[in-house]
């Protein structure tokens, strides 16, 4: 039986996305995340959100490498990369890295044991596609099989995006999902009553995975997935545009978003570390948007901007 090498990094949850990307770039065939916390603050409709997080802030991120990889060299390289994260504003905590061998049969299923049904917002629950789940009447269930290289929908940036969608969608809207990844935000938009959803991702693998996840969920024929580079070439007028991607990419999105968002429509952005938040806010406001909601979880920020002439609901400072 083929043997794989499992490399496990224990790190602060703020560094989850960065470390996961490091593992993939180093050659990992996927990542599994063990996170004891499943939290989302319960904020007011508008304004600042500061969730009360009392659980352990350390998580375990595991990568899976072929037997042929020089795991000692990979480990040394990752140690150096993780050590640089603090200079970017991310908390890493007391980092530890360990590795051991794993049989292929165990590797293929190992990541799934960390993925359990999770109530993300008041209405939305994410459930692994292989799990039987008895939903409560008020729950809207999103079925996902993201694969090891895609998020399971429980990262703070995704949670805040889902919360924002739950707040702004009232039914009948057109939504554009930029950088759809696993497709979770598009599926949520459909469940929350959006009429048409257009999901784009530059990565062909993400486009395929998103479509597979969409097909797992009933009544999602209104979701249209395609390869695309942000909003380039898009002409659809949307009530809501949502983008959970890196801050340095978001700032290149705001002008096109303003062009495509209808009057009184919304731009939801997430994936923003705190030190990048002023830059993203300035970009959106320069494009013509007004800040309506600002959400914070740890070092991560998300926001809802509105295209409006009515200043009564916006945040002034």
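Any Cβ shown, glycine's included, is placed from N, Cα and C.
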Revision key, fill the gap. In Swiss-Prot, S-adenosyl-L-methionine binding by 158, 179, 244 extends, among 134, 201, 204, to 201
Point to revise | Longest CA-CA distance among 158, 179, 201, 244, per record bound to S-adenosyl-L-methionine, angstrom | key: 16
Point to revise | For residue 179 (S-adenosyl-L-methionine binding site): DSSP state (helix, strand, coil) | key: coil
Check your understanding: Quick one: which residues besides 158, 179, 201, 244 have a Cβ within 8 Å of the S-adenosyl-L-methionine site's Cβ centroid, in sequence order?
Key -> 161, 177, 178, 180, 181, 182, 185, 243, 245, 271
**Study point:** Protein Cβ atoms within 10 Å of residue 179 (S-adenosyl-L-methionine binding site), excluding its own
**Key:** 22
